[in-house]
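Have a look at the structure below, then the notes.
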Amino acid sequence: MDPQQRLLLEVVYEALEDAGITLDEIQGSLTSVYCGCFTNDYNAMTTKDLEYYPKYTVTGTGNSILANRISYFYNLHGPSATVDTACSSSLVCFHLGAQSLRDAEADISIVVGSALHFDPNIFITMTDLGMLSTDGRCRHGDAAGSGYVRGEGIAAMVLKRQDRAQADGDHIRAVVRGTGVNHDGRKQGITLPSARAQADLITSTYERAGLEPAETTYVECHGTGTKAGDPRELRAVHEVFCRHRPDTLHVGSVKTNIGHLEGASGIAGLMKATMALEKKIIPPNMHFSTPNPEVDFKNWKLEIPTEPKVWEMGRRTIPRRASINSFGYGGTNAHAILEEYNSFGSKTTACQQPTVSLPPELAAMVERRPYLLPLTSHSERAGELWAERLAQYLTENEASVADVALSLSTRRTMHRFRSFAVSADMEKVIERIRDPPPGAAWKSKLDTIPRIGFVFTGQGAQWFGMARSLLEQCPLFLQTIRKCDRILQALPSHRPTWSVEAELLKSQQDTMLGRTEYSQPICTAVQLALVDVLAHWGVKPSGVVGHSSGELAATYAAGLLSFENALVAAYYRGVHMGSGAAAPGSMPGAMMAVGMTEAEVTAELEPYRGRIAIAAMNSPSSFTVSGDEDAVVELQQALTDRKVFARRLQVAQACVFVHSLVIKRY
């Protein structure tokens, strides 16, 4: 297989990771792939000896397979094509990728460029044509420019429609304002660039985008350093950008830094322009000392920077904007316009998220809580190496634990081997990433998803302080509890005079959790909120079981009752059961869990016939009894003296007993 194919697969994965798109998200999607390339050296090398002709040469080295291999490997269903227009190939691909999004042919577009050199014969033919530099330097705009230096590179970019990228919370680095492609047509020679055709293309691209060329402050030129190419391109740039501008236009070419990547050179220029927009710095050119005499830099208002320059906008209120130009030796020209993303009022972070205004209490909660940071890799050793790189990055760069946890949890593909770190403090996070505790050692994930069962309790298991830490540290849990309060306050009758949130936060002296009309809806609300939080984390039950009023939360988890219906049923159940205990003249009741068999319980209750009865069989050796409070207290003391498990439930009445006949109101 051509190394280009293997490297392209790797670079595409890195581009998706940078964009915050997981493999699960993109697999099977309507994603287009366009690959720009020029030469096919590996094929030329492997087919020199026809007696040794690999069986899979066609699929392993064919240029068309470069794009198709990516679509095949990642299971992408949009358009897939390899483009060869020589040096403008990848910028033409960029145009096609943007076009596929505009025409709704794709929801995502992956644009790649590739240039790997193995065959020395190509160097010879290019030297014969006078394309290559005689001194091994690419000198854009310089009098000593004699051609370009061939560079190697594999590059990838991911495109999305802006509204979709913002809605998905993707990492947006720049905005594409316009793209265009044309051809020189007939001219003096097929390899001779045309200033007129390039100027026409730039003009039409800006007109379609509804932009004014004079507002652009940087142009990334094709800039090969050839005697024929540079003067014509810079003349075209002057014609379009500088005739009506008051200031100087900065121009440059990444080829002076990394050489000419030929089929991948357009993407290299796009990447340079994107980073310049992000950093707000215009990068310098190398190997520029004496201006080319055929270029009137002063009167054309052009400047090639030789030192980094802060990208000042002066009094301009428009965003920073850059143009990227590229042309092939066969006459195909391409142009793209990029704009900084910050101009749209959104902050660019490690993982771009839609702007959300949180109440101060929720914002503080997000900052101070501990976070789970999942770590993942293809092997234990690879995971250890990656973890060290991550720890080094976090040491050298400022980042919040919340941001890092978000990126690792939702914007990274989960591979077979896993580890994790949990903390609210970045120093401890770094320490645990480098030296994970035994429970967080790198391990292979299970081949099958474990079956999880949820057990839901009824009243009596509540305790002072329950759910308080979740209310204080988990915004989703707090919001769900407040949703419960809104539902209860919207009831047409018998709406509560209290709130679930307030009751959970009361002091131990003031809490009313022991009263049935409070405990049943509150226990249900807490369990409903837990179901939603766990589901948000991706934890869903394979089976559920509910005990007593816990059946209501269980039916919600099973999808049999809606959230609102489960809560309202629990509330009215508690209201009517609690009203029995509060009725004038009603006898105080109690409930108790005992660790005995049915026969043993029956024998123990014989002296209390009519006063205590079995309320529930929890297991063959665990029963709940219910009855008059004084009788339950007496039985508890007797069992405790004999060291038999007996624990009072936190209820104020004897449910499932004669005391609860008031339920007939239903």
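The backbone N, Cα and C atoms fix where each Cβ goes, glycine too.
Features of the protein shown, as given by Swiss-Prot:
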type	residues	note
DOMAIN	1-340	domain 'Ketosynthase family 3 (KS3)'
ACT_SITE	Cys87	active site, for beta-ketoacyl synthase activity
ACT_SITE	His222	active site, for beta-ketoacyl synthase activity
ACT_SITE	His260	active site, for beta-ketoacyl synthase activity
REGION	455-665	region 'Malonyl-CoA:ACP transacylase (MAT) domain'
ACT_SITE	Ser548	active site, for malonyltransferase activity
Original post:
Near Cys87 (active site, for beta-ketoacyl synthase activity), meaning Cα within 10 Å, which of His222, His260, Ser548 (active-site residues)?
Top reply: His222, His260
**OP:** Average the per-residue pLDDT over the domain 'Ketosynthase family 3 (KS3)' (1-340) and send me the rounded value.
**Re:** 94
Original post:
Minimum Cβ neighbour count within 10 Å among the active-site residues Cys87, His222, His260, Ser548: which residue?
Top reply: Ser548
Original post:
Rounded to a whole number, how many Å is the Cα of His222 (active site, for beta-ketoacyl synthase activity) away from the Cα of the residue listed as 'active site, for malonyltransferase activity'?
Top reply: 75
